[in-house]
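The active site, proton acceptor annotation in Swiss-Prot covers E125. Residues or ranges marked as active site, S-methylcysteine intermediate in Swiss-Prot: C383. Look at Swiss-Prot and you will find C145, C149, C152 tagged as [4Fe-4S] cluster binding site, backed by sequence analysis. What Swiss-Prot lists as S-adenosyl-L-methionine binding site is G209, E210, S241, S263, L264, H265, N340, and the listing cites sequence analysis. The disulfide bond annotation in Swiss-Prot covers C138-C383. According to Swiss-Prot, the domain 'Radical SAM core' annotation covers 131-380, on the basis of sequence analysis.
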Amino acid sequence: MSISFDLTIDDTRDQLARHARASLEAKPSLIGMSREEMAEALIKAGVPERQVKMRISQLWHWLYVRGVSDFADMRNISKDLRAMLAQHFTIARPEVVEEQISQDGTRKWLFRFPPRGAGRPVEIESVYIPEEGRGTLCVSSQVGCTLTCSFCHTGTQKLVRNLTSEEILAQLLTARDRLGDFPDKDTPDGAMVPAEGRKITNIVMMGMGEPLYNFEEVKKALLIASDGDGLSLSKRRITLSTSGVVPEIYRTGDEIGVMLAISLHAVRDELRDILVPINKKYPLEQLIKACREYPGLSNAKRITFEYVMLKDINDSLEDAKLLVKLLQGIPAKINLIPFNPWPGTNYQCSEWEQIEKFADYVNAAGYASPIRTPRGRDILAACGQLKSESERMRKSERLALEAMMIAGHGE
């Protein structure tokens, strides 16, 4: 049995009016700024230049180590400076519209971010997956997606916009809040989390969107997440998943240096063109070449290849043989993902016996090929199932909501 908490207020009109006021009063967030950007912003706000380096150090500690979301809690900063910071900036968390808890302990949050410019509030989903000794947060990089992968639920939602570095990091910060993963924060009773250490040990850019189509903001967010003075996550514990944006794979290795995962799903171009249409632009030969040249590959730093198991589509023994041949010489792990059904799909999950035969062949060839245990299926939180709640509404409901938003924004 799953549990769902609808955290929205009852009166939608009041909620939309609040968003309208927020858009008019919008202040830049310090969350997600690089040190250079923060220095420029602080000087512009009136912080003496000689103090800027010290103030940045203090702010990073409070934002990313202590996890505060109110300037008033920054106790080693003077009251006057806290007031000045609050006047010019925000460090508020996004609205948590809904929290769903699966029977297996997986948690899914629906976040709502305020309007940007003349836009509307947007919603995205993040998922927390607890396991023995680790807790993984699946983070979104876009509202919707442009890739239209035929087996993926997110691919049925049109791209609304890219998320900012602030909005990407806000998913991690808010999840840590709600799991009690910051000092002085309590873990919810009964929550499934690692028994010791951090509640969130790993992050994966595998939520809504294609991270490499939002490269600069994703890069900024991940460099802060891995900064020793920031959230201090090892780059070995951060995985970026891409459907194959080849030029940015090279940039990811050179400029970010996190672990790489490839949404592969097919070993023949003619099939991958259908399942993952970006393959028409960057076919398998180009994709695999970029993988072979990814910096620092070794048995300790392997590329993960994700392969969704689709009945009678890509699950034959011949597909397994071609997969092994395709990846020959690349330090790799192959995650076999039982297809997670969603409303309206025409695909079916492979038979379990066939998945095991496929895995056995790949294992025998020397590649680790774990079969991923489906997590959070009962709350549509499993791989390929994410989609903004507002996008699940009937068209008439969505148009009514948008009309109210327009009225609330005075457009």
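Placement of Cβ uses the backbone N, Cα and C atoms for every residue, glycine included.
Swiss-Prot feature annotations superimposed on the structure.
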| residue | record | CB count, 10 Å |
| --- | --- | --- |
| C138 | disulfide bond | 28 |
| C145 | [4Fe-4S] cluster binding site | 25 |
| C149 | [4Fe-4S] cluster binding site | 23 |
| C152 | [4Fe-4S] cluster binding site | 27 |
| G209 | S-adenosyl-L-methionine binding site | 29 |
| E210 | S-adenosyl-L-methionine binding site | 27 |
| S241 | S-adenosyl-L-methionine binding site | 21 |
| L264 | S-adenosyl-L-methionine binding site | 29 |
| H265 | S-adenosyl-L-methionine binding site | 24 |
| N340 | S-adenosyl-L-methionine binding site | 23 |
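Spatially close to S263 (S-adenosyl-L-methionine binding site) yet at least six residues away along the chain are C149, S241, T242, S243, G244, V276, E306, judged by Cβ distances under 8 angstroms. Annotation: C145 are the recorded positions among E125, C138, C145, C152 whose CA atoms are within 10 angstroms of the CA of G209 (S-adenosyl-L-methionine binding site). Straight-line distance linking the Cα atoms of L264 (S-adenosyl-L-methionine binding site) and C138 (disulfide bond), rounded to a whole number, equals 18 Å.
Taking the Cα of E210 (S-adenosyl-L-methionine binding site) as the reference point, the closest of the recorded positions E125, C145, C152 is C145. Within the set of recorded positions E125, C138, H265, N340, the entry lying nearest in space to C145 ([4Fe-4S] cluster binding site) is E125 (CA atoms). The local packing around E125 (active site, proton acceptor), expressed as other Cβ atoms within 10 Å of its Cβ over all shown chains, amounts to 26. Within the set of recorded positions E125, C138, N340, the entry lying nearest in space to C152 ([4Fe-4S] cluster binding site) is N340 (CA atoms). When pLDDT is averaged over the domain 'Radical SAM core' (131-380), the result is 93. In the three-state DSSP scheme, E210 (S-adenosyl-L-methionine binding site) falls into the coil class. In this structure, the C-alpha atom of C138 (disulfide bond) lies 19 angstrom from that of H265 (S-adenosyl-L-methionine binding site). When secondary structure is read from DSSP and collapsed to three states, C149 ([4Fe-4S] cluster binding site) falls in the coil class.
Rounded to a whole value, the Cα-Cα separation of H265 (S-adenosyl-L-methionine binding site) and the residue listed as 'active site, proton acceptor' is 23 Å.
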